Structures are given as C-alpha cells and as structure tokens.
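**Student:** Take a look at this one; I'll ask things after.
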Amino acid sequence: MHINDRLFGVVFLLLAVAYGWQAQQFPEPLGGSESIGPSTFPTLLAVVLGLGSLYMMIRPDPDSGWPVGKTLFELIGVVVILVVYTALLESVGFIIMTTLAVGLLSWRMHAPPLKAFLTGLISAVVAFVLFNYGLELTLPNGILELG
Amino acid sequence: MDTINYLLQGFEVALTPQNLLLALIGSFLGTLIGALPGLGPANGVAILIPLAFTLGLPPESALIMLTAVYAGAMYGGRISSILLNIPGDEPAMMTCLDGYPMAKQGKAAEALTISAVASFIGSIVATIGLILLAPLLANFALSFGSAEYFALFVLAFATLGGITGKNPVKTLVAAAIGLMMSTIGIDISTGQPRYTFGMLELFEGIDFIIAIVGLFAISELMFFIERHMGDGDSMVKMNKLKINVKELIAVLPTSLRGGVVGFISGVLPGAGASLGSFLSYTVEKRILGRKNDFGNGDPRGVAAPEAGNNGAASGALVPMLTLGIPGSGTTAVLLAMLVSLNITPGPMMFQQHADIVWGVIAALLLGNVLLLLLNIPMVGIFVKLLSVPPKYLMPIVTLVAIVGIYSISHSAFDLYFMVAFGVLGYVFRKIDIPLVPIILGLLLGPEMEKNLRHAMMLSDGDWTVLWSSGLSIGIWAIAIAGLVLPYLLGPLLRRKMHKPS
C-alpha cells in the first residue's frame with residue numbers, strides 16, 4: 001500500500017498552496033526600494049514544498065503500519081496525560097502532577113503500579129528539590145504548602 | 001604557530017574547575033545517552049539544552065558541557081552494541097558485528113576496553129585534524145559572499161540525508177517545512193508579521209528548543225509505547241577483564257586508520273558518522289586481507305568502526321564550526337545551542353569568539369581523556385544503568401525535558417506547543433519524513449533569508465547572482481550531486497551496510 005505518502009502529499013500540497021497564497025498577501029515594503037520583500041523567500045519555499053509533495057504523490061514509498069485499536073488508544077492516552085499535566089501544572093503543583101504523570105506513563109509501559117508511582121514520586125521530589133533549591137528556579141508549589 | 005597559542009588559550013578556558021566539572025558531567029551523561037538504545041545523541045543533547053539554560057551557564061561552559069555530551073554519546077553507543085547486540089545509536093551499528101560475538105565468547109570486558117581505546121584514538125586523531133583544518137577552512141570561508149552562503153545553505157539541506165539516505169525528496173520536504181516554520185513571526189528586515197494569525201505568542205517566532213524537545217523526546221516516548229519496548233532486552237553477562245598490553249597494541253594501527261577514515265567522512269557533507277564507521281570497517285577488512293577474522297569476534301573488527309565513528313564525530317564539527325553548516329543531526333542541535341546563545345557560527349566565529357571555539361576544541365581533547373577514564377575502569381556503572389528498564393527511564397527523561405522547557409519561560413503555551421510538536425514528530429517519523437532537516441530549517445531559515453536578501457539587493461534583483469561566481473557554481477554542483485547521488489549509489493551502499501548485519 002502506498003496510501004500514506006499520497007495522502008500526506010496532498011496535505012503538504014495544500015499547505016504549500018495556503019502558505020504561498022498567504023505570502024502574496026504581505027504588503028510590499030514602503031517605497032519598494034528593496035528588490036526582495038517579505039514574500040519572496042516564503043514563495044520560494046512554497047514552490048519547493050509543492051514540488052516535493054507532487055513527487056510524494058507520484059512516487060510514494062511503501063506504507064508503514066499505523067497503530068490501531070488498543071495501541072492507538074494508548075498513544076492518545078500519552079498525549080492526554082501530557083496535556084492534562086500542562087493544564088494542571090501551575091494550579092495543582094509540580095510534585096503531585098509529576099508523580100501522577102511519571103507514574104501513569106511508566107505504568108502504561110507495563111511497570112507494576114506501585115513501583116511506577118513510587119518512581120514518579122521519587123523523581124518528582126528529587127527534581128523539585130534540585131530545581132528549587134539547587135538551581136533556585138521556582139517550580140509551582142500548587143496546593144502543597146511548601147517552604 | 002598561532003594555532004598552538006589559541007589552543008593553549010582554549011585549555012585555559014576549559015581547565016577552570018567549573019568547566020572541568022561540566023565536562024565530566026557531560027561526558028558521563030553523554031555516555032549514558034549513547035548507551036541507551038532509542039535515546040540517540042541528537043535527542044540526548046536536545047534534552048540537555050534546556051538544562052544548560054536553566055543552569056544559567058556562560059556560553060563557553062554550556063558549549064563545553066554539550067560538546068562533552070556529544071563526544072560521550074559516541075563512546076556510549078558501543079556498550080549496548082556489545083552487550084545487547086542492539087546499537088545504542090545508529091553509528092554503533094557496525095560495532096555489533098564483532099563486539100557481540102566477542103561478548104558471547106566471554107570477552108565482553110575486553111571488547112569494551114578495546115573499543116574504548118579505539119574510540120579515544122579515533123577521536124584524538126580527528127580532533128588533531130580538526131585543529132589543523134578548521135582555521136584554514138575558516139580563513140577560506142571569509143571570502144564567501146551572500147550568494148555563496150545561500151548556496152551553502154542549500155548544500156547543507158541537500159546533503160543532510162546523506163548518500164545512504166532513502167528518499168532525498170523527503171529530506172527536501174522536511175527542510176521546506178522547517179524553513180517555513182522559521183518564517184513565522186516578525187520579519188526582521190521589514191517588521192512585517194508573517195503567519196502569526198494574530199497570536200501574540202508567535203510574534204517572536206517558534207523557539208527551536210521547544211521544537212527539538214517535542215519532535216525528538218516526545219515522539220520517542222510515543223514510539224516506545226507503541227512498540228511495547230518497556231522491558232528492555234537481555235544482556236550478555238560481564239566477565240572479569242583480562243587484557244594484556246600486547247592485545248591493545250595490536251589494535252593500534254587499526255584505530256589510527258579508522259580515525260583518519262572517520263575524520264574524512266565526518267568533514268565531507270552527506271557522509272556522517274554512520275558511513276564513517278562503515279567505511280573504516282570495510283577499509284580495515286580490505287587492508288587486513290586474509291589475516292582478518294571479521295564477523296567472528298575479531299578485536300580489530302571492534303576497534304575499526306569505533307575509531308571511525310568517533311573520528312567522524314569530531315570531523316563533523318569542522319563544517320559546523322567554520323561554516324555554520326552542520327553535517328549531522330547532533331551537530332545541528334549543537335548549532336541550535338550556539339544560535340540560542342547569540343553566537344553566529346561561521347568563519348567570523350573564529351575571530352569574534354576565538355575563546356569559545358578553542359575552548360570547545362580543548363574541551364574535546366580533555367573530554368576524551370575523561371571519557372577514556374570513565375569508560376574503562378568505570379564501565380560497570382553504565383552497564384548497571386543500562387539494566388534499568390526503559391519503562392522507568394523514559395518517563396523520567398521526558399519529564400526532565402518538559403521541566404527544562406518550563407523553567408526557561410514558565411509558560412504553559414510553550415508546553416502545549418511542545419506536545420503538538422511531539423505528535424507532529426511521531427506522524428512524520430511514521431511517514432519517513434526526517435526530523436533533523438526540520439530543526440535545521442527552523443534554525444538556518446533567518447540566516448538563509450538574510451543572505452538571499454543581501455545577494456539580491458547587491459544585484460538589484462537579478463537572480464543569476466546566486467550562481468555567478470565559480471565558487472558558488474561549485475557549491476551548487478555539490479548540492480545537486482547530494483540530491484542525485486543517493487538515487488545512484490544509495491541502494492548499493494545500503495545493501496552493503498545491511499548485508500553484514
């Protein structure tokens with residue numbers, strides 16, 4: 001199957017066209033004294049990407065398999081963990097969120113839950129102490145009342 | 001004689017207690033990064049960049065640490081090649097061929113020692129080459145004009161895939177995407193905001209450290225999860241070291257030759273460390289003729305590729321330092337470091353920042369001595385750490401990277417951006433779009449556009465100025481060869497590299 005490259009060829013071609021079109025909308029610099037304005041380089045890039053994407057469609061490489069079912073679900077899980085981590089880092093605090101994130105990730109990589117969350121807790125505390133006291137960079141305390 | 005003076009000054013920079021300590025930490029972390037399969041040197045250095053920033057290090061110290069990491073990663077790659085039969089990074093692939101058989105014969109410690117000595121010799125030979133060649137090249141490069149530089153950037157992208165690369169067009173696509181990302185933000189020379197969609201966070205452009213960590217580290221984590229590699233692999237048992245000086249002397253000529261071959265392939269655009277170790281293995285096999293036992297645990301078969309890839313690693317610094325054109329993924333990341341420290345790499349760096357350049361070169365020599373010490377008596381530590389399964393290590397490494405990013409800007413926006421880059425990196429790797437050209441594009445984009453502008457301004461909009469001098473025509477010719485050769489030579493070379501393994 002050669003669907004991947006054809007599909008992404010189309011995606012990249014659309015990107016090239018949109019990017020190139022946008023480049024034409026930049027106003028010419030005042031006076032037009034410069035022979036090359038803000039749109040020249042982007043236009044050049046759009047052409048290169050456009051040609052490359054056409055090549056990908058015409059001579060696609062064989063596909064590598066995409067994750068399906070459970071694996072796909074796990075991967076989405078990783079992204080969700082990282083997004084939630086970012087969203088709650090400042091309000092909930094570094095230690096709790098890091099313990100949870102490292103624990104969950106390592107549990108999803110088939111570590112026993114207890115060991116996984118213990119790894120999370122230890123690494124969170126060590127990193128917190130190192131960054132806050134060693135390097136004097138404040139990581140968010142969050143709901144924990146610390147020094 | 002200037003060179004020696006500069007080098008002595010370099011040692012003065014590198015030998016301060018703080019820098020020496022940083023070189024030691026860098027060497028240690030580098031070896032570890034190299035040893036862990038899946039965490040390649042480019043990833044490793046990328047993850048450590050935010051750390052160097054948060055430490056608030058002066059440029060030369062930060063660069064010394066990361067150079068040590070870079071050199072260390074090349075040493076580390078051999079450990080998993082020998083003990084696990086899995087290369088810790090790509091250039092260490094050839095080391096598996098004789099290293100693993102040696103380990104199976106109960107000579108793992110010998111294989112590790114011999115390869116460490118060979119790495120050291122290869123590195124030193126190539127660093128001497130670097131010291132001799134770099135100032136000459138930098139002097140020569142001073143005569144380059146904007147048109148030549150523009151062509152040189154094109155060359156860098158065209159040859160980045162290497163002549164063993166599978167699909168040069170995808171390298172080009174990746175480069176274009178990276179360069180497009182670099183145009184996001186306010187255009188420096190006209191003040192025109194481009195592709196910002198009115199988002200304030202985008203006005204300053206995309207920070208490439210965020211892109212690097214996202215593209216490499218986060219996508220790596222996703223690959224580990226997808227392939228269920230959490231448990232690690234079984235390792236050959238270590239034995240007690242019984243080595244005699246005679247055996248070490250026996251591999252000396254091999255190591256010296258490997259270093260030279262490696263250095264040359266490191267300097268040449270499009271070759272790189274993987275080809276360096278492959279070439280020195282093959283050349284050595286030829287030279288030894290019937291006297292070799294390559295493939296069955298010949299110590300020289302361990303020494304040759306290791307000297308080769310370490311030689312290539314030092315060689316790759318030549319174009320990076322003198323022209324600002326990185327020859328490999330890891331040097332691209334090192335370049336990113338320089339740019340973010342507000343140092344413009346290239347021939348001027350040898351004049352404006354001589355202390356930094358020579359400090360780094362001195363650190364490379366010094367780092368190798370440290371690495372030799374770390375890698376022979378203390379190799380056991382790395383073997384122990386290597387047995388920590390990735391299911392614990394990978395999440396920690398990822399979180400360290402995230403914290404590093406967060407501590408630079410304290411902005412959640414950056415973290416979301418990084419996760420997005422991670423998903424992008426995962427998808428791109430799935431469709432074989434290489435990531436290094438993206439980083440390089442993001443990095444070199446502004447310089448490339450600036451040079452194009454200068455050249456066009458001087459010629460009053462005449463495009464032919466880009467290929468009007470003999471030098472620029474030569475550079476264009478190499479760039480075109482870099483795109484065409486993979487189609488002609490690539491399949492042949494790839495088959496040869498994969499046949500023995």
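Heads up, the Cβ atoms here are built off N, Cα and C, so glycines get one too.
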**Student:** Out of B:20-39, B:60-79, which range is noted as transmembrane segment by TrEMBL?
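**Tutor:** That would be B:20-39, per the transmembrane segment entry in TrEMBL.
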**Student:** Rank B:140-160, B:323-344, B:356-386, B:465-489 by Cβ pairs under 8 Å to the transmembrane segment (B:208-227) and hand me the top one.
**Tutor:** B:323-344
**Student:** Sequence-remote contacts (6 or more beyond its ends) of the transmembrane segment (B:20-39), Cβ cut-off under 8 Å?
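**Tutor:** Tertiary neighbours of the transmembrane segment (B:20-39) are 14, 45, 48, 57, 61, 64-80, 84, 86-89, 92, 220, 223-224, 229, 233, 363, 366-367, 370-371, 374-375, 382, 385-386, 390, 393-394, 397.
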**Student:** Go through the chain and flag residues at least 6 beyond the ends of the transmembrane segment (B:415-445) whose CB is under 8 A from any CB in it; none is fine as an answer.
**Tutor:** 42, 153, 156-157, 160-161, 165-167, 170-183, 206, 208, 210-219, 221-223, 324, 326, 328-329, 332-333, 335-336, 339, 402, 405-406
**Student:** State the residues, same chain only, that lie 6 or more residues beyond the ends of the transmembrane segment (B:465-489) and have a CB under 8 A from a CB inside it; answer 'none' if no residue qualifies.
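**Tutor:** Counting only partners 6 or more residues beyond its ends, the transmembrane segment (B:465-489) has Cβ contacts under 8 Å with 143-145, 147-148, 150-152, 154-155, 158-159, 161-168, 172, 269-270, 452, 455-456, 458-459.
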**Student:** What stretch in B:140-160, B:172-188, B:248-268, B:356-386, B:392-408 has the biggest tally of Cβ pairs under 8 Å against the transmembrane segment (B:323-344)?
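**Tutor:** The stretch I would name here is B:140-160.
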**Student:** Which bits of the chain, at least 6 residues beyond where the transmembrane segment (B:172-188) starts or stops, bring a Cβ under 8 A of a Cβ in it?
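**Tutor:** Residues packing against the transmembrane segment (B:172-188) from afar: 157-158, 160, 194-196, 202-206, 211, 428, 433-446, 448-450, 483.
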